[in-house]
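Over in TrEMBL, the protein carries these features:
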TRANSMEM  37-55  transmembrane segment
TRANSMEM  62-80  transmembrane segment
TRANSMEM  86-102  transmembrane segment
TRANSMEM  114-138  transmembrane segment
TRANSMEM  158-182  transmembrane segment
C-alpha cells in the first residue's frame, strides 16, 4: 500500500465531494447534541470513513482535513467542534489503516464486516484515551466556561466514553454499509 502515490483526478473529485458532504451535515446539524457539554452524535465523520474505505489513509486524511477546514471557515462558531471531531475521528481511521497494514492485506478485507471488530474496538480505546483528557482540559472549559476540575466533577469520564464509543460505531458501520452494501466500493482506488 503506497500512501505517497499521487491521487487521480477521479479520487480528488470524490474526495472533494465527500468533504463537502461532511461540511454540509455539520452546517445543518444532523444529529443529537448532549445537553451537558456540547458533544454531538452526528454524521459528519461518516464521509471521512467512506473516504478511507474508498481511497485509504491519505484519502481519509484529505477529506477529514478539508471537511474540518470548511466547517471552521463557514461556521466559525464550530471551530471547536471541528477540531474535536477531527481529533476524535483520527484514531478510528488510523486503526482501520493499521489493522490492514499489520495484516499485510488490502482495504477490501473490510467487505467482511467481521474484520471491523478488532479495529473498531482498538479505535474506541485509542479515541477515548485521547478525547477524555481533551474534553476535560480543552473542549469543555472553552465551550462551557467550567474549569477542568468542575468539568471532571460534573461529567463522569464514562459518559464521554459512551458518547465517543457510540459515535465511532456509527461512523464506521454506516460508512461500511454505504460503501459495501450499496457497492460504492467499485469506485475505490483498490478496486480491480
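Note: Cβ is positioned from N, Cα and C throughout, glycine not excepted.
What TrEMBL says about a protein is an automatic prediction, not a curated fact.
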Stretch with greatest number of CB pairs under 8 Å, the transmembrane segment (62-80) reference, 37-55, 86-102, 114-138, 158-182 candidates: 37-55
Dominant neighbour of the transmembrane segment (86-102) in 37-55, 114-138, 158-182, by Cβ pairs under 8 Å: 114-138
